[in-house]
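Let me begin by presenting the structure, written as structure tokens, before commenting on it.
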Amino acid sequence: MLIVALLGIGFYLLATGLVMRQFFSAQTHTPDRVLTAAWLAMILHLAVLGMAIIQAQTVQNLSVLNVASLVALLINGLLTAISRQQNSWILLPFAYAFTVVLLFSSLFTPYYYLTSLGDRPGLVIHIALALLSYAMMSIASLFALLQVYLNYQLKHRRKLRLQNVPPLLSIEKQLVRLLQIGGVLLTLSISSGFLFIDNILAPNNLDKVGLSVVAWCLYATLLWGHYQRGWRGQRLVIMTLTGNVLLAVAYFGSRLLQLIF
């Protein structure tokens, strides 16, 4: 597993370097090399996760690091898949760099949270929807941060040092589209939780359910305000980032506290 993880880290770093070189130079963009390195990294990343999560035929290790690494893989896959069409190359280095940190950390901090999902297909569906919705909202947050950066540069009349950056209006449209898709996935995730988890309102689950519902209400209000009241700019960014933080605390907060204390 160590060799596979190091190879994956190497390809992520290679893809990051290739993307950064394009943004700090006037050279012709060569996406094929970036995509090749990135997809190789993700294949190796998936192999590492398979070895880390599957402990036995019916036992899975869903530790915080493993789940976070799985979310990072989903984010990388989605971002990479849309990068050519949406011209979102600038976001790839941040996603890849964070994944490198997670992969490296997992090699030296082997936490365990063993469970069995083999006989609980409903729970598998719920977890898959939750991870996909969080990955989509995390990508939306990256677009929101990019919008903040470009707005700052324009307001202070600073010349962008980066090449091939997408237009500000295009970024906002992509952000809203991601919020719509993420909102649908989050709705399905919460609904499947009530449908498939018997003790979803037990005391140990109330914080997760409560924060997830609050985040859903925030995103629903944001989309309503965008289409009905014309909310844009700073309000759009702040509410997007706030919702993502709420989901992060809902999904990882209690588990992180258990690890720390």
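Residue numbering: from 1, along the chain as shown.
Just so it is clear, glycine is given a Cβ too, placed from its N, Cα and C backbone atoms.
According to TrEMBL, the feature transmembrane segment maps to 6-24 (among others). Note on the transmembrane segment (6-24): residues 30, 33-34, 37-38, 40-42, 44-45, 47-48, 89-90, 92-93, 96-97, 99-100, 103-104, 161-165 of its chain, located 6 or more positions outside it, place their CB under 8 angstroms from a CB of the stretch.
Same-chain residues lying 6 or more positions outside the transmembrane segment (36-56) and placing a CB less than 8 Å from one of its CB atoms are 1, 4-5, 7-12, 14-15, 18, 62, 66, 69-70, 73, 76-77, 80, 92, 96, 99, 103, 106, 114. According to TrEMBL, the feature transmembrane segment maps to 36-56 (among others).
Summarising the annotation, TrEMBL assigns domain 'Cytochrome c assembly protein' to 37-258. Mean per-residue pLDDT, taken over the domain 'Cytochrome c assembly protein' (37-258), amounts to 88.
The transmembrane segment annotation in TrEMBL covers 62-82 (among others).
Residues or ranges marked as transmembrane segment in TrEMBL: 89-113 (among others). Long-range contacts of the transmembrane segment (89-113) within the same chain: residues 2, 5, 8-9, 12-13, 15-16, 19-20, 22-23, 29, 31, 34, 38, 41, 45, 48, 52, 61-66, 68-69, 72-73, 75-76, 79-80, 83, 139, 142-143, 146, 162, 164-166, 255, 259, each at least 6 residues beyond the stretch ends and with a Cβ under 8 Å from a Cβ of the stretch.
Remote same-chain partners of the transmembrane segment (125-154), defined as residues 6 or more beyond its termini with a Cβ less than 8 Å from a stretch Cβ, comprise 67, 70-71, 74-75, 78-79, 88, 90-91, 94-95, 117, 160, 165, 168, 171-172, 174-175, 178-179, 181-182, 185-186, 188-189, 192-193, 196-197, 219, 233, 236-237, 240-241, 243-244, 247-248, 251. Residues annotated as transmembrane segment in TrEMBL: 125-154 (among others).
The transmembrane segment feature in TrEMBL is assigned to 175-197 (among others).
Among the features that TrEMBL reports, transmembrane segment is placed at 209-227 (among others).
Annotation comment: TrEMBL describes 236-254 (among others) as transmembrane segment. With a threshold of 8 Å between CB atoms, the same-chain residues lying at least 6 positions outside the transmembrane segment (236-254) that come near it are 64, 67-68, 130, 133-134, 137-138, 140-141, 144-145, 147-148, 172, 175-176, 179, 186, 204, 207-208, 210-212, 214-215, 218-219, 221-222, 226.
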Same-chain residues at least 6 beyond the ends of the transmembrane segment (62-82) whose Cβ lies under 8 Å from its Cβ atoms: 35, 38-39, 41-42, 45-46, 48-49, 52-53, 88, 91-92, 95-96, 98-99, 102-103, 105-106, 109, 111-115, 131-132, 134-136, 138-139, 142, 251-252, 255-256, 259
